[in-house]
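Q: Take this structure first; my questions come after.
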Amino acid sequence: MQLTAVGLNHQTAPLSIREKLAFAAAALPKAVRNLARSNAATEAVILSTCNRTELYCVGDSEEIIRWLADYHSLPIEEIRPYLYALDMQETVRHAFRVACGLDSMVLGEPQILGQIKDAVRVAQEQESMGKKLNALFQKTFSVAKEVRTDTAVGENSVSMASASVKLAEQIFPDIGDLNVLFIGAGEMIELVATYFAAKSPRLMTVANRTLARAQELCDKLGVNAEPCLLSDLPAILHDYDVVVSSTASQLPIVGKGMVERALKQRQSMPLFMLDLAVPRDIEAEVGDLNDAYLYTVDDMVNIVQSGKEARQKAAAAAETLVSEKVAEFVRQQQGRQSVPLIKALRDEGEKARKQVLENAMKQLAKGATAEEVLERLSVQLTNKLLHSPTQTLNKAGEEDKDLVHAVAQIYHLDK
C-alpha cells in the first residue's frame, strides 16, 4: 500500500458539501482508529477543519473514498466530484503546502499548522500511524517551520478572527455600542472574542453547553463579559447586535424561528450573525429574513484576501522551497525502500564469494599453484555475479527498454 491523501477543501467543494463530510472532534479518535483498521488503509490521519476534510493514509485511495462515503452514510456518487485522490509525491507536496498555509483560504494563515498537529496527536494516541505517516508529518512540520522562518508568506495575514470584526464594522459604525454574543467556547471563538474585546463592546456574552467553560473564557475577556448556557439562547438572543457561532454540534443550534422571534423584539434593528462552524450552527434560512445579516466561512473570502498580493510574492519563494523539500523527502523514502533489496544483493554476493573461495582453498590443498587458483577464482566469481543479470537481459531482449536502461545505469554503461 502506498502513501495517499483523499479529501476536499474550500476550493473543490461548497460549504453545503463540506459540512456533510466534516468529522466532529469527539468522533475523530474512533473514526481514525476505524479507518486504520479497515480494508482501506493500514495507517491514517484525519484532518477536519471548517475549510477542509482530508484523510492522509497508507492505503488504496478508491477504498478510502468508499470508507468516507460509508462513514457519513452518503452515496459515493454524491461526493466523488468534489474529492481529490493524490499519489505519493502529490500527497507529500500537498501536506507541505497545507501546513505552510499555501493552500489556505487565508494565504499563509498560521492556525492550520496547529490543526494538523492536533490531528496527528489524535492519530498517534489511537495508534493509527506507522513509519510512513510518521516520517511524512515529521518532515511536514520541519518544512512548515522553515518556510515560515525563511519567507514572508505569513506576514500581514488577515485571519478569520480579525476579519470577523472587520465585517461587523461594515454594518455597525462603532463596535463599542454593541452587545456581542459568542456561541461556543472553543479555540475559534476565543480568537474571535479576543479581537472583539480589543474594540471594547458594551457587553460580551459567551453561551456554551457548560457554564464552567463559558466562565473560563469570560475571565480571559474581561469585566464586561458574562457566561450563559446554550439553553438560554431563545430568551436572550434579541438583546444582541452581533452573534458569532462556532461549536462542534452536528445539528443547527440557532433556527429560523428563534431568529424571527428575536427580530420582532428588536423592532427592525439589524442583527449581524457570523457562522464559522462546519457543519453550520445557524440554519441557512435565517439569511432570508429581513434585518438578519448571516455570513458563513465561505462569505469571508473577499475580506480575508486583504494583503494577498504581497503574500503571493512571498508564496513564490515558499513554493520553490516546498518543491525542493518534496524531492528531498521522496528520495529519502525511495532510498529506504531500497534497503531490503540492497541487503539481499549483498547477501547473494557474499554467498558467491564464499563458494568460489571454498573451491579455491580445495584447489590449493590439491597442489594447484596460486596463480592458477587466482585465475580460476576470478573467472568463477565474475561468472557467478554476472550470470543472473546476463540471463535476464537475454530473456528481455530489446522489448523491455526500461530494464535494459536500468542495467546500463547500474553498471555505468550508459556514458
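A Cβ is built for glycine as well, from the same backbone N, Cα and C atoms used for every other residue.
This is the feature table in Swiss-Prot:
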type: ACT_SITE; residues: Cys50; note: active site, nucleophile
type: BINDING; residues: Thr49, Cys50, Asn51, Arg52, Ser104, Glu109, Pro110, Gln111, Gln115; note: substrate binding site
type: BINDING; residues: Gly184, Ala185, Gly186, Glu187, Met188, Ile189; note: NADP(+) binding site
type: SITE; residues: His94; note: site 'Important for activity'
Q: Compile a sequence-ordered list of residues in the same chain as Gly184 (NADP(+) binding site), six or more apart from it, whose Cβ lies below 8 A from its Cβ; state 'none' when nothing qualifies.
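A: Correct list: Ala207, Asn208, Ser245, Ser246, Thr247, Ala248, Ala277, Asp281.
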Q: Note down the number of other Cβ atoms within 10 Å of the Cβ of Ile189 (NADP(+) binding site), including every protein chain shown.
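A: Step by step: centre on the Cβ of Ile189 (NADP(+) binding site), count other Cβ atoms within 10 Å, giving 24.
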Q: Around Ala185 (NADP(+) binding site), how many other CB atoms lie within 10 A of its CB?
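A: Taking every protein chain into account, the count is 24.
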Q: Most Cβ neighbours within 10 Å: which of the binding-site residues Asn51, Gln115 is it?
A: Asn51
Q: Sort the binding-site residues Gly186, Met188, Ile189 by C-alpha distance from Pro110 (substrate binding site) and give me just the closest.
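A: Out of the listed candidates, the nearest Cα belongs to Met188.
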Q: Nearest by CA distance to Asn51 (substrate binding site): which of the binding-site residues is it, out of Ala185, Gly186, Glu187, Met188, Ile189?
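A: Out of the listed candidates, the nearest Cα belongs to Met188.
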Q: By a simple count, how many Cβ atoms lie within 10 Å of the Cβ of Thr49 (substrate binding site), its own Cβ left out?
A: 23
Q: When a 10 Å sphere is centred on the Cβ of Pro110 (substrate binding site), how many other Cβ atoms does it contain?
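A: Around Pro110 (substrate binding site), other Cβ atoms within 10 Å: 15.
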Q: Which one is closest to Thr49 (substrate binding site) in space, judged by CA to CA distance, out of the recorded positions His94, Ala185, Glu187?
A: Glu187
Q: Which residues does Cys50 (active site, nucleophile) neighbour through Cβ under 8 Å, counting only same-chain ones at least six apart?
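A: The answer is Arg18, Met188, Ser246, Leu276, Ala277, Val278, Val297.
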Q: If you take the centroid of the Cβ atoms of Thr49, Cys50, Asn51, Arg52, Ser104, Glu109, Pro110, Gln111, Gln115, the listed substrate site, which other residues of that chain have their Cβ within 8 Å of it?
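A: Leaving out the recorded residues gives Met105, Val106, Ile112, Met160.
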Q: Beyond Gly184, Ala185, Gly186, Glu187, Met188, Ile189, what residues of that chain have CB atoms within 8 A of the centre of the NADP(+) site's CB atoms?
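A: Leaving out the recorded residues gives Phe182, Glu190, Leu191, Val192, Leu217, Ser246, Thr247.
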Q: How far apart, in Å, are the two Cα atoms that lie farthest from each other among Thr49, Cys50, Asn51, Arg52, Ser104, Glu109, Pro110, Gln111, Gln115, the residues recorded as binding substrate?
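A: The widest Cα-Cα gap among those binding residues is 15 Å.
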